[in-house]
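Have a look at this one.
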């Protein structure tokens, strides 16, 4: 399939999604995942962070279980602050580069910059924090009160 055809198909799909009652999927998760891979040099799959501790993944409550979980809570809080400014963090696309294994935001202003900064800071934090396998897929009802 030609790139132009893919662009048209993507445009139609996004238009249909916006017109439907189906809630939109987070569009920037792909970018955030790539930032994580940039920062951790591909040492750990992005999905390893999707269900970690009390804050990595959807939602979050209680006390973070470790340093990595604190990174996720800080990321959630950063998205919350961006939301207070009228941004939609999970839907905001931004410009960034991986420079010497460091996520670097190119977006200069507004929601794009705010959300990019949230994601870049979290990706760098993830790369520095130890990953404890026993905190993956924990029972959040018991451990995150």
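Quick reminder: no glycine exception, Cβ is built from N, Cα and C everywhere.
The signal peptide feature in Swiss-Prot is assigned to 1-19; the stated evidence is sequence analysis. Feature annotation from Swiss-Prot assigns disulfide bond to 38-98, 54-144, 56-72, 71-125, 78-118, 87-111, 105-116. The Ca(2+) binding site annotation in Swiss-Prot covers 55, 57, 59, 76. Feature annotation from Swiss-Prot assigns active site to 75, 119.
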Please tell me which one of the recorded positions listed here (55, 57, 119) sits closest to residue 72 (disulfide bond), measuring Cα to Cα?
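Result: the closest of the recorded positions to residue 72 (disulfide bond) is 55.
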Between residue 75 (active site) and residue 87 (disulfide bond), how many Å separate their Cα atoms?
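Residue 87 (disulfide bond) has its Cα 14 Å from the Cα of residue 75 (active site).
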Just checking: which of 55, 57, 59, 119 have a Cα that is within 10 Å of the Cα of residue 78 (disulfide bond), counting only these recorded positions?
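Those close enough are 119.
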Can you see whether DSSP assigns residue 55 (Ca(2+) binding site) to helix, strand or coil?
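Going by the DSSP assignment, residue 55 (Ca(2+) binding site) belongs to neither helix nor strand, so it counts as coil.
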According to DSSP, folded down to helix, strand and coil, what is residue 105 (disulfide bond)?
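Note: residue 105 (disulfide bond) is in a strand by DSSP.
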Checking your reading of the structure: which of the disulfide-bonded residues 56, 87, 105, 111, 118 lie inside a 10 Å Cα sphere centred on residue 76 (Ca(2+) binding site)?
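For residue 76 (Ca(2+) binding site), the disulfide-bonded residues whose Cα atoms are within 10 Å come to 56, 118.
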Can you give me the residues near the recorded Ca(2+) site, meaning same chain, not 55, 57, 59, 76 themselves, Cβ no more than 8 Å from the center of the site's Cβ atoms?
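Leaving out the recorded residues gives 54, 56, 58, 60, 72, 73.
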Please report the number of other Cβ atoms within 10 Å of the Cβ of residue 38 (disulfide bond).
22
Could you check the recorded positions 75, 111, 144 and say which one's CB has the most other CB atoms within 10 Å?
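Within the set of recorded positions, the most crowded position is 75.
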Fill in the CA-CA distance, residue 116 (disulfide bond) to residue 87 (disulfide bond), as an integer in Å.
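Each residue's Cα considered, residue 116 (disulfide bond) and residue 87 (disulfide bond) end up 12 Å apart.
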Comparing the disulfide-bonded residues 72, 78, 98, which residue's C-beta has the most other C-beta atoms within 10 angstroms in this structure?
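For the disulfide-bonded residues 72, 78, 98, the Cβ with the most other Cβ atoms within 10 Å is 72.
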Take the Cβ of residue 105 (disulfide bond) and count every other Cβ within 10 Å, whichever protein chain it belongs to.
20
Nearest to residue 125 (disulfide bond) by Cα, among 55, 57, 119 (recorded positions)?
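Sorting the recorded positions by distance from residue 125 (disulfide bond), the top entry is 119.
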